[in-house]
Amino acid sequence: MATVTTSSPATLQPCTHTSRHGVARYCPSPLPWRRWSYGRMTTRATASSHGQPSATGGWVEAPAGVAAAAGEEGDSIRRLQNGPDVRGVALEGEKGRPVDLTPLAVELIAESFREWLREELQRPAGEELRVSVGRDPRLSGARLSAALFAGLARAGCSVFDMGLATTPACFMSTTLPRFNYDASIMMTASHLPYTRNGLKFFTKRGGLTSGDVEDICDRAARKYVARKMGFGVGGMPPVVMRVDLMSAYAQHLRDIIKQRVAHPAHYDTPLKGFKVVVNAGNGCGGFFTWDVLEKLGADTTGSLHLEPDGTFPNHMPNPEDATAMSLTRDAVLANGADLGVVFDTDVDRSGVVDGTGAAINGDKLIALMSAIVLDEHPGTTVVTDARASDGLTRFIASRGGHHCLYRVGYRNVIDKGVQLNTDGVETHLMMETTGHGALKENYFLDDGAYMVVKIVIEMVRMKLAGLEGGVGSLIMDLEEPAESVLLRMNILGEPKYAKQRGTMAVEAFKEYIQEDKLSGWVLDDCGDCSVGEGCLVDTNDHPNDVDAYMYRAKLYNENKRPLGMVHVRQSVHNPNIALNMQSYVPGGCKYMAMDLHKRFLLASGVNDFVDISEVEKFVK
């Protein structure tokens, strides 16, 4: 056991450059920030007492023949990959879902991450790699963190524990002065139930891709059976250094607001006279209330669920959650607030409520951010996932912007924006309809707090300019669909076959359209960039990897007028297929569902391995 005293946090400057791509995540500790005393701290993570270290600082694996025998047990680790993240069940309590994110799995993934990182950074085997770790308040966090620390240290990393943090802050720990770590890992499962947990990985270049995480999980799977048999275990408990990154990150956000508002009367308290309500959902977002808004002069009376609680007793921290938005709306109206803010668990997503109580999330949040960004960067391209509405496309076009529709998945949307910029297409905003939003000016990082910072700055600027109506007035002309419906179809059979069967079903949908077995349906394309064939396929010279299959299609009537849009996709996180429908006319969603049920789901035989009962219930 070791005690380490860390240096005080640095004075930070606003970001002035961008990177190849960057998703950031944040890490929580067991106690609220407000009551946590940073400084001297000792962290102990357990390790087995036998085994031998290798010359490279890692640990000896079993013979190749044993590793090759991993089979089904090794595959259980491979299945923890969820796109660019690792996700799994960490606590008992989910019907039909056994615990699969075990301490051993986390430890092996941590070791494998270090191997991958050394190769990615082209570092010599014995050279020190500095990795920070953060987590959200989930009940499984402490136990799994010990395994994470042990795996990283065993593999030769210097480990820096940020405690309770946000996902974006984890990424920023690789860039902020006097931290500048080689990589970071955030332990979170975002908006998923408290029984889940997961890992998100970052380097200085941003979040890892699905292919990167697949590589890491494959390495861990090859170690799994060997470790179960006692090969390559042992070592002393790791030395873990505790650092206070969140104070530095909060100061970074405050500096941005002060500098960009440049208030003529009170520079250091530009939010004086404003009321802002924050709903943190008992996740990691409470810091934004205490360490950003209040220190800038805002009145945060009426804020909700600021104390971290890993059981999430009030509602899931999620800007898509109806309860979260409704409670925030009530608090805004009850306290006469200018703005309400809703964060997800790890604060890489957010939504807002304007002063009238109108919820601004989904397409509305993208429209609001588009209005702000297009004012700063006229003519820029905005990338969204293909669930966005045609009304949003027209909204962006009306302000001189271009709209690129792309695959669902925050990593997909961000990577497409990075790719477009590389190809010479100016792209400053990338947003998913779930609330993930990234900006070119901020390392291409999906940071819910930074999005709110942009909105708060706009709110103050509008007030200084004498404009009425608040931020909600910026999207008054956004057209919304007549109807929107989301249906889910569970994939039948063993979970290990779910991804393969989901791909089969979604690809069958595309083939039925292309073979004219679904007359009237047409695969929708993005006309503003190199995306075709249902907003999935890159048509340029350097296509991004596909991590999950999905297609967007429109149904046209006999007069060749579109009735609505359907987006069919396999879920990355759960064994199901999501069917998002938007209708341009009343009753259109039911009509489209009936057509798909009769002419595709039954006719194609997809119903043999996909549960279509939710669709059947909807069309009755």
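Each position is counted from 1, following the chain as shown.
Yeah, the Cβs are placed from backbone N, Cα and C, and that goes for glycine too.
What TrEMBL lists as compositional bias 'Polar residues' is 1-17.
Broken down by DSSP into helix, strand and coil, the domain 'Alpha-D-phosphohexomutase alpha/beta/alpha' (82-218) contains 48 helix, 37 strand, 52 coil. Annotation comment: TrEMBL describes 82-218 (among others) as domain 'Alpha-D-phosphohexomutase alpha/beta/alpha'.
Among the features that TrEMBL reports, domain 'Alpha-D-phosphohexomutase alpha/beta/alpha' is placed at 249-357 (among others). Under DSSP, the residues of the domain 'Alpha-D-phosphohexomutase alpha/beta/alpha' (249-357) split into helix, strand and coil as follows: 38 helix, 19 strand, 52 coil.
On the 0 to 100 pLDDT scale, the domain 'Alpha-D-phosphohexomutase alpha/beta/alpha' (361-460) averages 96 in this prediction. Positions annotated as domain 'Alpha-D-phosphohexomutase alpha/beta/alpha' by TrEMBL: 361-460 (among others).
Feature annotation from TrEMBL assigns region 'Disordered' to 1-23.
In terms of DSSP secondary structure, the domain 'Alpha-D-phosphohexomutase alpha/beta/alpha' (361-460) contains 52 helix, 21 strand, 27 coil.
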